Amino acid sequence: MAKVIGIDLGTTNSCVSVMDGKDAKVIENAEGARTTPSMVAFTEDGERLVGQPAKRQAVTNPENTLFAIKRLIGRTFEDPTTQKDKGMVPYKIVKADNGDAWVEAHDKSYSPSQISAMILQKMKETAESYLGEKVEKAVITVPAYFNDAQRQATKDAGKIAGLDVLRIINEPTAAALAYGLDKKEGKTIAVYDLGGGTFDISVLEIGDGVFEVKSTNGDTFLGGEDFDMRLVEYLASEFKKEQGIDLKNDKLALQRLKEAAEKAKIELSSSQQTEINLPFITADASGPKHLTMKLSRAKFESLVDDLIQKTIAPCKAALKDAGVSAAEIDEVVLVGGMTRMPKVQETVKQLFGKEPHKGVNPDEVVAMGAAIQAGVLQGDVKDVLLLDVTPLSLGIETLGGVFTRLIERNTTIPTKKSQVFSTADDNQSAVTIRVSQGEREMAADNKLLGQFDLVGIPPAPRGVPQIEVTFDIDANGIVQVSAKDKGTGKEHQIRIQASGGLSDAEIEKMVKDAEANAEADKKRREGVEAKNQAESLVHSSEKSLQEHGDKVSETDRKAIEDAIAALKSAVEASEPDAEDIKAKTNTLMEVSMKLGQAIYEAQQTESAHADAAADAKRSGDDVVDADYEEVKDEDDRKRSA
């Protein structure tokens, strides 16, 4: 049976894992790393780079290197968080025809689902390379506090990447699965997940294979990216004070600042001080300018203290919703790269009154949990029951714009709930059902997920028709809503798709684009491999010809030289043809065989001569020494007498 993989699609980094026997194994990517930067870049010549190769060239290509795309997924362009993000990134965020936030690179627009799909494709290829077989099914994680539009957009990304997404699972829940799979005794745990772009807190009861989420809370726009930007702003303002130049207007300088900020942040988790050194960051009439600054851990902590404090209110809300006090939490599990920061750990310790558990790898535990859930769905992992919750209340807009809840937040999913409503006016023949998600009392203040009309209601006084509205949330946390006129039996049902969101036709087009790109990427890779092999063969052939050319006839030598020249010409062409390079590589290999044979024969002859000389030496060395006695002749005896 084909394996189902688990993918942690992160804001900053992504990770893929698979069940290996009874354990979840994190798979290394082509670059040998266990996590992959969630970055996609488009180069001048149309090449698409994903992961570490994209990150490496970000400084020289900031406008076409897309990162932290997860923060835009499922969001509209007018969303305040989108507008905030616009000022934080060097690439363009644009308004799509449907009002969604899309991104632009080299004058081409992409949906966040499309860019996320490119990262998912990379994770898919990583798994396929390790497993040696095709991968078509996956479990993908999302922040627990993602709304329906964001979950749907993530599922769309999986589809575009060629994956059948069996389950969307919340990141803290996945982490709890990986942490508690072998725990038999009952425990109440809190998972504090501060990642690259989002913050989640979940309270769970775990024990003997049952994982029940009691509550969840969070902030989908709070994470490591904000910590980095806070430091970037500080560095830019200090530089402006010293040099009078605003680096924020220079996208290339801004990208260098961002990389330096991320590096400094990581170093300050283990050191009390770090030095930021950026030579030639900019220039003016007086010449080049350099940025050099010492930064202490205490200064960095003061810059980001309010961001850390923003995690406290969601933690308190989650504890309240779960009906437990901080003292009743047996263990606090830290997840996400930002939890390596000592100040974050100290804040968690103060809040919960205990040392947080650091026994899991915060970068890998979510992907491992996704792989365990994949194992559960596949039947490889037995006796595990996972009960998750919906993070936000769901309801409809009723008379006066009031938000009427049908499903309260932290309700265990899957779930189904119905409620009967009526008309607001006499002889009303149609009603518009406006579905929202959130915690505010007025519908306009919550996230509108979608709307639809129920038509054909028979004329009747207001309040008489009975319209039953049913909400159905599946295990992925994705909502389906239906409305039924109980008098006529007429029903209208929709899977909620955000007022923006991708249509099925758009998704299908993106799937085809992704497949075409995968084919183009494969051809490009084959071309590079063919070129590398050709250049290596040219080098070795020229060297062999130089050293041993006198061992073959003039005709053979000329044939090799011609083949080398032809292959060089193919490699150096303005648009190299992989098939042409392969054919000319084979030709050179064939004509070089005579040279190789001559070298081999010459070596054999030399070896034979060497063996003969050695044998001769050995036979000379075998002469036996004889004992002898000196005998004097007669004359000698006479002379001595």
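In case you wondered, yes, glycine gets a Cβ from its N, Cα and C as well.
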Task: Have a look at 414-451, 604-641 and point to the one annotated region 'Disordered' in Swiss-Prot.
output: 604-641
Message: Is it possible to get the count of other C-beta atoms within 10 angstroms of the C-beta of THR198 (phosphothreonine)?
response: 27
Query: Per DSSP, THR198 (phosphothreonine) is which: helix, strand or coil?
result: coil
